[in-house]
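Worksheet: one structure, shown below.
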Amino acid sequence: ADNRRPIWVMGHMVNSLAQIDEFVGLGSNSIETDVSFDKQANPEYTYHGIPCDCGRACLHSTKFNDFLKGLRKVTTPGDSKYLEKLILVVFDLKTGSLYDNQAYDAGTKLAKNLLQHYWNNGNNGGRAYIILSIPNLNHYKLITGFKETLKNEGHEELLEKVGTDFSGNDDISDVQKTYNKAGVTGHVWQSDGITNCLLRGLTRVKAAVANRDSGSGIINKVYYWTVDKRQSTRDTLDANVDGIMTNYPDITVEILNEAAYKKKFRIATYEDNPWETFKG
């Protein structure tokens with residue numbers, strides 16, 4: 001058996017359909033997409049805006065539902081646009097524009113959009129796993145709204161494909177408390193990181209990995225962002241993360257192919273369950 005750790009190579013800030021092909025072509029098996037909301041808490045655009053990572057164009061933008069339709073095509077086996085390698089999508093939900101009391105509505109509206117335009121109302125929709133990444137612990141009701149909507153619409157089975165992440169670099173203990181409040185018991189990724197324009201140590205990522213490996217924490221997988229340089233990629237792998245978010249997936253793949261890393265890590269495939277803690 002192959003007992004190497006599966007790695008998700010997460011293409012950062014993929015906000016146009018052309019960029020999906022570009023990043024997967026460079027070696028990503030996963031993408032991160034920014035989602036902006038209108039004043040009524042409807043997901044509106046895949047859009048990051050200024051400022052963004054150094055060396056990247058910040059203004060790529062697609063109507064959210066058009067992005068979902070294109071994403072469905074590239075993750076539906078048999079479609080002419082199908083990309084077999086793309087197995088996971090992180091929606092970086094820009095809920096900072098919303099009031100805290102709109103979080104539930106945002107979750108509801110997000111679920112309805114995904115159900116219709118990505119999952120094709122449960123009829124042979126896209127197959128990728130989805131992570132809802134939320135920047136603010138106070139917005140945990142987004143998860144509740146999302147889950148209750150899929151249940152009410154008769155598609156609870158799709159929750160098998162959905163996980164969550166709180167991306168605000170909060171104390172791990174506070175993240176754990178928030179998940180308790182939200183009634184979340186699994187499918188948890190934990191991110192840690194900072195824009196590539198700045199440096200950040202691995203202290204908190206190591207704390208997240210320790211929680212993951214303790215057997216008593218809530219975290220299943222840990223990813224670190226944004227990792228663009230060869231040495232920082234090696235350091236991140238040495239910390240035993242599960243995912244590396246990058247602007248340069250070809251560099252991540254290059255390091256994964258170095259002898260020292262090739263024996264411990266491999267690129268995740270669709271058969272790898274992203275909600276399962278790796279036991280090595």
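For all residues, glycine too, the Cβ spot is worked out from N, Cα and C.
Disulfide connectivity taken from Swiss-Prot links Cys58 to one of Cys52, Cys54, namely Cys52.
Per Swiss-Prot, Mg(2+) is bound by Glu32, Asp34; the candidate from Asp92, Asp100, Asp105, Asp165 named for the same site is Asp92. Around Asp34 (Mg(2+) binding site), the same-chain residues at least 6 positions away in sequence with a Cβ under 8 Å from its Cβ are Met13, Asn15, Thr46, Tyr47, His48, Asp92, Lys94. Ranking the recorded positions His12, Glu32, Cys197 by the distance of their Cα atoms from the Cα of Cys58 (disulfide bond) places His12 first. The recorded positions near Glu32 (Mg(2+) binding site), taking a 10 angstroms Cα-Cα threshold over the set His12, Cys54, Cys197, are His12. By a simple count of nearby Cβ atoms, those within 10 Å, the most crowded of the binding-site residues Glu32, Asp92 is Glu32.
Residue environment of Cys54 (disulfide bond) contains 12 other Cβ atoms, counted within 10 Å of its Cβ in all protein chains. Summarising the environment of Cys197 (disulfide bond), the number of other Cβ atoms within 10 Å of its Cβ, over all protein chains shown, is 11.
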